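First the structure, in the form of structure tokens, and then the observations on it.
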There are 2 protein chains.
Amino acid sequence: MDTPSSFGSLSGPRLRRMANAIRALSVDAINKIQTGHPGLPLGAADVATVLFTQHLKFDPVHPDWADRDRFVLSAGHGSMLLYALGYLCGYEAMTLDDIKSFRRLGSKAAGHPELDLAIGVEATTGPLGQGLAMAVGMALSERMLRSRFGADLVDHHTYALVGDGCLMEGISYEAAALAGHLGLDRLIVLFDDNGISIDGPTSLATSENQQARFEACGWHWQAVDGHDPQALSDAIDAAKRADRPSIVACRTTIGLGLPNKAGTSAAHGQPPSMEEAAAARLAYEWPDAPFEVPVDILADWRESGRRGGADHTRWRQRLARADDTTRAAFQAWQSDDLPEGWRDAIKACKRRFSEARPTEPTRQSSKTVMSALIPAIPNLIGGSADLTPSNLSRPDGITPVSRDNFAGRYIHFGIREHAMAAVTNGIALHKGFLPFCATFLCFSDYCRPAIRLSALMEQKVLYILTHDTITQGPDGPTHQPVEHFITLRATPNLLFLRPADAIEVAECWELALETQDRPVALILTREAVPPVREGFTTDNLCRRGAYEFAPASSGAARVTLLATGSEVAVALGARAILEENGVPTRVVSMPCLEIFDQQDEAFRRSILAPDTLRVSIEAATTAGWEKYVGPDGVIIGLRGFGAAGMPDELMDHFGLTPEAVATVIEDKLAQTRA
Amino acid sequence: MDTPSSFGSLSGPRLRRMANAIRALSVDAINKIQTGHPGLPLGAADVATVLFTQHLKFDPVHPDWADRDRFVLSAGHGSMLLYALGYLCGYEAMTLDDIKSFRRLGSKAAGHPELDLAIGVEATTGPLGQGLAMAVGMALSERMLRSRFGADLVDHHTYALVGDGCLMEGISYEAAALAGHLGLDRLIVLFDDNGISIDGPTSLATSENQQARFEACGWHWQAVDGHDPQALSDAIDAAKRADRPSIVACRTTIGLGLPNKAGTSAAHGQPPSMEEAAAARLAYEWPDAPFEVPVDILADWRESGRRGGADHTRWRQRLARADDTTRAAFQAWQSDDLPEGWRDAIKACKRRFSEARPTEPTRQSSKTVMSALIPAIPNLIGGSADLTPSNLSRPDGITPVSRDNFAGRYIHFGIREHAMAAVTNGIALHKGFLPFCATFLCFSDYCRPAIRLSALMEQKVLYILTHDTITQGPDGPTHQPVEHFITLRATPNLLFLRPADAIEVAECWELALETQDRPVALILTREAVPPVREGFTTDNLCRRGAYEFAPASSGAARVTLLATGSEVAVALGARAILEENGVPTRVVSMPCLEIFDQQDEAFRRSILAPDTLRVSIEAATTAGWEKYVGPDGVIIGLRGFGAAGMPDELMDHFGLTPEAVATVIEDKLAQTRA
């Protein structure tokens, strides 16, 4: 590695030693536990060293500094790179003990990076390609915040380190196309271009021209020797000057230093043996004991880690000097707290709904609520994957975000559900905005991997998912959710809210906004639903996940109907028939099973009334309802896919009319009597 | 539209009238039902007319002719285009009555095209981008079959009509990159390039250079006036001559003929009013009554539909002249029947496993079975999304498929899970091969939309999904499935098979291969499992979905442990502890809940033994097990995400050791007694 001594404040050989500190720590950690991915940390150590010592603006003492540069390791399997950097740069929370217990339960040095600002991990990564898309979200946030608060307070870059795997995933194209379209010039992607994937050379599976590909969607492209610090630093400088997103293909040798394995797929994920580790250390000229970093090298790293401190101080001074309104707004937007008054906006909608009693799709009621929230929550922002007029996800009174208008509040994500959700995760992670995104519930499948990451990272992302059942009708089974209900409900840490009418929509929006540390899926109808709730209550009846909607009108209830969303109206219809036939029947609305499950047993029993015949009604998979109806209950739903047809035809065909439900129940009661 | 009269056998004006027949039928059908998407059929009618009258090789009288050209309408919302073509070309099963009941329940003219060869629908489409990827699978099948059976029997093109939406989806890039890499020169994509999506002009969300994008991944590109028949036909000719996959951007006006709406997003999915329909008919010079096609135009279409008959006859003659072995093999590969002897291969593995009693990961046992199946089932083919050495999905004795070796049997799909699954669907739809594909169970999320289509289209696609629980360990929660179990089980028409050890792996492979008309997910461990089954049985004990694995060793069982996969060993460990402590305990293995659910009640009761304390043990979401353990049972599993750690640490941490399970059960029994 022949780097000019004039390089930065550190000589080429010195930088090489610093990079080798990353390599040695990575080899030691992976060798000790005998699991992990040495390929990337050893290959990309030089890239990371140049970035972290010469370019990245960060302050390990204040890892949540709002105006720090963001760095996302999209190729998350190379996690040891991040942990080594964290320790070397002086993030106090990343200790040598964590590195020594790499991949063990409880170690901060987890198998793949798990969101933790204290150790410099900006996003949970590992599922490939998503890190790049989250970086796009962060870079977009920077532009949008900057347009609101100015360059004094918001002026940073977002970097992502991606591998061949990231760039083969479809989401990487979606995210790149969006970034190019929006001209996100503060986004700089470093491509660890080693030509190797797990199966072997990437030529086994791809022969794409990456330069042409990125240029096709409006990116600035460079290719450099990924082991040449000066060339890398120059490229990053050029990337910063570019007026568009920039990618630097850094040609590296995967697993550099591993005998026989370097440059081959064996280096990707095979832990080195003792002999290989020893040989690698020899190649790095690294005679020190395992996990030991020479004092002078550690000092260089720590000094480098302190680089950003002065920047940070100057930024704090600028924040202090900002006018009070700006400073207060900036700080409020960075916090998880919502501005005062947002509940009033919800309440006003609820009151209006209780007076007007609209028969309308819940997506329409949701748009009304969102439009009321737009002035109340000025950092509420989001968009749809090209289904704006269908999702009704664009509130009134806002303009689209574009490369000429980052002050806009509505994002046209394009027909890119997966990138949409991951970009939205990036916006949430960046902090500054409360983001939502929208598509059809059925196409939550297209963004499922990113929804999962929202939940795993405990990010408050609002998913507006409309056209929620077969009542979407004529589009047919490709557009009709079935298993999506249980899929999202079984996703840990996600709230699945399905309101029954306009009033419940307002209440569910309140629950969604109250929520901290978890994503919310708001499940809405395409078709009009009647106003089933009557009268205005200050209480949010949805707050405990379920409530008795209508008691048996006389005597002890014999039947309890459990329903959600548009099926609450079906349940009420069935109740009318049953009561007419002398069967006292109560109806329970269950807008959120996850919240309900967290209630105490007495409440749950009072709602479920186990001494009655319990019947669930939901126009989706029957899976999961056994828990609520018990072994003697009845589950009314779909046992297969939907079908194309008009909504009424389908509800009839699938036995989801009040009449059909009542008949099933009367038959069941007759059997029980018999 | 000024086309030279020398065009084909039909004059330009005549072709224009034929295209207008598609338009008029589409307007009439969508106008009548007042739902549907006129934009594409009206815009792309000329493209389709040129293709179907001048190029596409097909025979409506024999719609399943093996060597027909394939045509996939990837932009499935334009379904009326297909139905109009079906009727006009003379597919008997597509009647005018179906078109008149477009989008109604029971009509063959469903909202989006649903696989039905009898009406010329080669694939279910609508979820965008997947049609293109399925077409890639079909084109790949053609090359692979041709390399085996020669051009006499296999010599056709695959066409896909895609919209802007398809091309924004990530899967389209994945599929295009794979097609370019493999040089699939028989693939011709017609891009309905109308510059409009639902939200408005595509410029709202994209500014990608499509030509550069496709050329970057090795495609041949042309752009033509999509309303100029001669230019279109010439372009298709040039595409046929190209030595690589080809895309023709056909510049069209969306909703051509609709007053005010043509060329705008309003044309995409809004049904025309009576006035608009009347104005459009005027523009088409179409005075005939609704749903009426002038006799001469219909005659031209029907004649065009008969074009392929002679080709078909010649092909049948070539098939008849082929040598007996070739003909028999070709016909056998086209059928759903497996060759004789395949069960012997399974049985031999089972015998070997019962003798050797290997302690090994079930993914390893699966590789052993697959290797035995390779000679037994010569059309078994598939691959992995770059996880070959992890999935162990490459059987012994086969070579990779490449542009130089279509005779190979292993496909390196690249890190493109979504395209992998959709391409595999395309291979299944094409017929000729029995396809499998592989990734980690956790990343089934990345291909979930295509898995859903496998199930909806009733295609026998084998999904090999490994690293099935937290026992995959140190990779952490991003790589550990939780909700995936219930997601796949709740997907209609999918079999989820999770074998407990090597012998069950062999049995589950037998079930997977026996299966018709549904996809199968084979769920396999990363870690070694002990050989829990003892002895060789000719019976497949997994056949009814569940079986008593170990009875209580003395007296009536008080406890029934229900377990799947690697947790059967945990259950056996817990049983040993419980029985030692005087609690008679039986263990049930439940490799397939979906099959078990289909058994008669007596069998189900005999297995579940409702008079015992039922306890399920599965290292995944607890959701869904209430159905099997009943209200008084115990569900042992995960209530949140996994974590990074060593497998043993995690099983301990999450209470999934025999000791922890036994303790929970003893506590429960004590409570019950108290």
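Please read every residue number as a count from 1 along the shown chain.
Note: Cβ is positioned from N, Cα and C throughout, glycine not excepted.
TrEMBL does not curate its annotations; it predicts them automatically.
Here is what TrEMBL records for this protein:
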- B:His37: site 'Important for catalytic activity' (SITE)
- B:His37, B:His268, B:Arg363, B:Ser390, B:His467, B:Asp475, B:His479, B:Arg526: substrate binding site (BINDING)
- B:His77, B:Gly126, B:Pro127, B:Leu128, B:Gly165, B:Asn194, B:His268, B:Phe443: thiamine diphosphate binding site (BINDING)
- B:Asp164, B:Asn194, B:Ile196: Mg(2+) binding site (BINDING)
- B:His268: site 'Important for catalytic activity' (SITE)
- B:360-532: domain 'Transketolase-like pyrimidine-binding' (DOMAIN)
- B:Glu417: active site, proton donor (ACT_SITE)
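Recorded features from TrEMBL, shown on the structure.
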residue  : record                            : CB count, 10 Å
B:Gly126 : thiamine diphosphate binding site : 27
B:Gly165 : thiamine diphosphate binding site : 24
B:Asn194 : thiamine diphosphate binding site : 28
B:His268 : substrate binding site            : 24
B:Ser390 : substrate binding site            : 19
B:Glu417 : active site, proton donor         : 33
B:Phe443 : thiamine diphosphate binding site : 23
B:His467 : substrate binding site            : 27
B:Asp475 : substrate binding site            : 27
B:His479 : substrate binding site            : 24
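Taking the centroid of the Cβ atoms of B:Asp164, B:Asn194, B:Ile196 as the Mg(2+) site, the other same-chain residues with Cβ within 8 Å of it are B:Gly39, B:Gly43, B:Gly163, B:Asp192, B:Asp193, B:Gly195, B:Ser197, B:Pro201, B:Thr202, B:Ile254, B:His268. If you draw a 10 Å sphere around the CB of B:Arg526 (substrate binding site), it holds 24 other CB atoms from the protein chains shown. With a threshold of 8 Å between Cβ atoms, the recorded positions B:His37, B:Asn194, B:Ile196, B:Arg363, B:Phe443 that neighbour chain A are B:Phe443. The C-beta environment of B:Leu128 (thiamine diphosphate binding site), restricted to residues of the same chain at least 6 apart in sequence and closer than 8 Å, consists of B:Ser74, B:Ala75, B:Gly76, B:Gly163, B:Gly165, B:Cys166, B:Met168, B:Glu169. Sequence-distant contacts of B:His77 (thiamine diphosphate binding site), defined by Cβ-Cβ distance under 8 angstroms and a gap of at least six in the same chain, are B:His37, B:Leu40, B:His112, B:Gly126, B:His268, B:Gly269. Under the three-state DSSP scheme, B:His268 (substrate binding site) falls in the helix class. Listed in sequence order, the residues of the same chain lying 6 or more apart from B:Asp164 (Mg(2+) binding site) and placing their CB within less than 8 Å of its CB are B:Asp192, B:Asp193, B:Asn194, B:Gly195, B:Ile196, B:Ser197, B:Thr202, B:Thr206. Residues listed for substrate, B:His37, B:His268, B:Arg363, B:Ser390, B:His467, B:Asp475, B:His479, B:Arg526, cover a largest CA to CA span of 47 Å. Cα spacing between B:His479 (substrate binding site) and B:Pro127 (thiamine diphosphate binding site): 26 Å, rounded to the nearest whole number. With a cut-off of 8 Å between CB atoms and residues at least 6 apart in sequence, the same chain places B:Ser390, B:Asn391, B:Leu392, B:Ile464, B:Thr466, B:His467, B:Leu524, B:Thr525, B:Arg526 near B:Arg363 (substrate binding site), listed in sequence order.
Counting every protein chain shown, 27 other Cβ atoms lie within 10 Å of the Cβ of B:Pro127 (thiamine diphosphate binding site). Following the DSSP three-state reduction, the secondary structure of B:Phe443 (thiamine diphosphate binding site) is helix. In the three-state DSSP scheme, B:His479 (substrate binding site) falls into the helix class. Spread of the thiamine diphosphate binding residues is 34 Å (greatest Cα-Cα distance among B:His77, B:Gly126, B:Pro127, B:Leu128, B:Gly165, B:Asn194, B:His268, B:Phe443). Neighbours of B:His37 (site 'Important for catalytic activity'), defined as other CB atoms within 10 A of its CB across all chains, total 27. Comparing the Cα of the residue listed as 'active site, proton donor' with the Cα of every entry in B:Pro127, B:Phe443, B:Asp475, these being the binding-site residues, the smallest distance points to B:Phe443. Residue pair B:Phe443 (thiamine diphosphate binding site) / B:Asp475 (substrate binding site) shows a Cα separation of 13 Å.
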